[in-house]
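K.L.:
One structure, pasted below without further comment.
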């Protein structure tokens, strides 16, 4: 048994979709969530910047004495080398690739993600490790994250933007679509409506949450309490973060603390 918290981080509010799944699967755990709201979005930043940000955030997480860290940001997963860090890391991108390879029947998978994640070809590489015969079609949708951070994920402009971005993938006869950015599940209803009922929408956070549970069980690191708590930290704007967190998690978020992450 281990009562230390689990760390979860993302560039902003997107990782809250991962936290929600973790709480559903592991309700007894305590969580430390960090959203880098000052520097969001990560998708168009350089690899060097993202690596620097990840190092700062993981230093912060070490200070919080976490037992593991969930990288709830596909862009970060796509560029960092996990072996460089001495903390247990869980990778949302790998979980998404494994889920998609499992679900596809016609072996045609679409991936929507940030520009940096698409350019890295990380999803394609991870999927083809599982099955080299799967065709992977990737599409960058950089307009999604700014809309979601502003709370406009179910708005008419979100539908219009998603329709344009998904048009190319709709023509590829895919049967599976990976939401390759943790912000995107907030637009899942819009995306599902556009893609139609014959396309399976994959939220990587579902498998990821069970991967974390399996690890904690295997290592005897589960928190013995019945109901845990979550603490929230941000580097910038709190207002939209709190609004989205309360909507997703279904509870009042009283205490969101500001962190000067650049000092780490």
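From the backbone N, Cα and C atoms, a Cβ is placed for every residue, glycine too.
This is the feature table in Swiss-Prot:
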type: ACT_SITE; residues: 73; note: active site, proton donor/acceptor
type: ACT_SITE; residues: 181; note: active site, proton donor/acceptor
type: BINDING; residues: 10, 11, 42, 43, 74, 75, 182, 183; note: substrate binding site
K.L.:
Would you work out the biggest C-alpha to C-alpha distance among 10, 11, 42, 43, 74, 75, 182, 183, the residues that bind substrate according to the record, and give it in angstrom as a whole number?
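P.N.:
Taking every pair among 10, 11, 42, 43, 74, 75, 182, 183, the longest Cα gap is 12 Å.
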K.L.:
Would you list the other residues of this chain near substrate - those whose C-beta lies within 8 angstroms of the C-beta centroid of 10, 11, 42, 43, 74, 75, 182, 183 - in sequence order?
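P.N.:
The answer, listed by sequence position, is 12, 14, 15, 40, 41, 72, 73, 76, 114, 117, 145, 181.
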K.L.:
Give me the CA-CA distance between residue 182 (substrate binding site) and residue 73 (active site, proton donor/acceptor), in Å, as a whole number.
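P.N.:
Residue 73 (active site, proton donor/acceptor) has its Cα 6 Å from the Cα of residue 182 (substrate binding site).
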K.L.:
Within 10 Å of the Cβ of residue 73 (active site, proton donor/acceptor), how many other Cβ atoms are there?
P.N.:
34
K.L.:
Within the chain of residue 183 (substrate binding site), which residues six or more apart in sequence place their C-beta under 8 angstroms from its C-beta?
P.N.:
10, 12, 13, 14, 17, 144, 145, 148, 149
K.L.:
With every protein chain in view, how many other Cβ atoms are within 10 Å of the Cβ of residue 42 (substrate binding site)?
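P.N.:
Taking all protein chains shown, residue 42 (substrate binding site) has 27 Cβ neighbours within 10 Å.
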